[in-house]
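Since the structure comes first, as structure tokens, the remarks are kept for the end.
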């Protein structure tokens with residue numbers, strides 16, 4: 001079987017990968033969506049929709065499906081990776097032998113490398129070499145709303161300005177999907193990881209029943225933690241007031257479509273960490289991200305008290321209420337202190 005030439009190959013047929021593939025195809029671009037399970041891909045092809053995650057959204061005719069990696073990657077120069085952060089490096093190493101010589105890679109994965117806390121750009125350079133153009137897209141996006149064609153805005157960042165412009169043109173749709181370029185490659189990556197952690201904290205607060213005041217305080221101080229860590233890594237602080245920072249943070253902390261927020265709510269209501277993850281039924285990126293962000297903060301000497309207390313709950317069995325009281329009992333300080 002020959003896979004048709006595509007404007008983009010999307011790696012990862014979960015909810016978000018499928019939604020992005022649908023969006024690209026609706027823009028009139030030929031897209032091939034790859035999944036690792038041939039049976040799953042066959043089911044998607046038969047139904048012409050993703051029954052598990054987006055059952056009401058039909059695939060456009062320009063979206064094709066594939067489970068063979070070689071055929072998928074030969075079809076397109078541009079490759080969009082949408083997989084959980086803890087398998088990101090492994091997936092890239094699988095891709096490498098099949099990539100075209102002119103390949104360019106972008107990811108929508110939000111997080112850091114498991115255990116090491118490295119930015120995904122470093123993982124990608126190690127897995128694919130230093131010469132391939134890299135980019136990241138991030139921002140306040142729920143898969144169901146994106147796939148339904150509801151208005152959405154994101155940021156795209158790359159050290160290759162021409163590639164960023166190509167991605168902006170491929171994704172941008174005047175009716176529903178707005179794409180902003182941002183030159184801050186580090187900041188756009190980091191925002192997507194830290195917001196996952198803070199969203200768990202916001203969920204915990206709501207699960208306890210602390211109310212809107214506490215949730216808003218967590219979001220605001222969480223943004224300060226995100227910015228402090230970002231500046232320490234060389235990011236532009238203005239990025240954290242944009243789509244990949246404040247935008248994604250507010251969305252994930254306030255809407256129950258967020259798995260990280262729902263996970264936190266369950267913990268706040270007294271459920272154990274393992275049981276809550278089972279109840280969610282999909283990857284809770286913030287669980288691993290908490291350990292990774294905490295590692296980065298310690299490495300760079302950045303104070304992140306909210307992240308630290310969430311880490312204590314997730315990995316040290318600290319009671320959620322006790323963690324909240326630890327935050328409230330901290331010494332008074334200047335709001336703008338770094």
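Using the three backbone atoms N, Cα and C, a Cβ is placed for every residue, glycine included.
Copied over from Swiss-Prot, here are the features:
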type     : residues                               : note
BINDING  : 15, 16, 36, 110, 143, 259, 283, 285    : NADPH binding site
BINDING  : 110, 139, 141, 195, 248, 258, 259, 260 : sn-glycerol 3-phosphate binding site
ACT_SITE : 195                                    : active site, proton acceptor
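This view paints the features noted in Swiss-Prot onto the structure.
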residue : record                               : Cβ neighbours (10 Å)
15      : NADPH binding site                   : 19
16      : NADPH binding site                   : 23
36      : NADPH binding site                   : 15
141     : sn-glycerol 3-phosphate binding site : 23
143     : NADPH binding site                   : 21
195     : sn-glycerol 3-phosphate binding site : 33
248     : sn-glycerol 3-phosphate binding site : 28
258     : sn-glycerol 3-phosphate binding site : 24
260     : sn-glycerol 3-phosphate binding site : 26
285     : NADPH binding site                   : 27
Reported as an integer number of Å, what is the Cα distance between residue 258 (sn-glycerol 3-phosphate binding site) and residue 143 (NADPH binding site)? 10
Which of the binding-site residues listed here (15, 16, 36, 143, 283, 285) have a Cα atom within 10 Å of the Cα of residue 260 (sn-glycerol 3-phosphate binding site)? 283, 285
Quick check: of the binding-site residues listed here (139, 195, 248), which one has the Cα closest to that of residue 285 (NADPH binding site)? 195
Just checking, which of 110, 259 (binding-site residues) has the fewest C-beta atoms within 10 Å of its C-beta? 259
Rounded to a whole angstrom, what is the C-alpha distance between residue 16 (NADPH binding site) and residue 195 (sn-glycerol 3-phosphate binding site)? 17
A correct count of other C-beta atoms within 10 Å of the C-beta of residue 283 (NADPH binding site) gives 17
Relative to the Cα of residue 36 (NADPH binding site), which of the binding-site residues 139, 141, 195, 248 has the closest Cα? 141
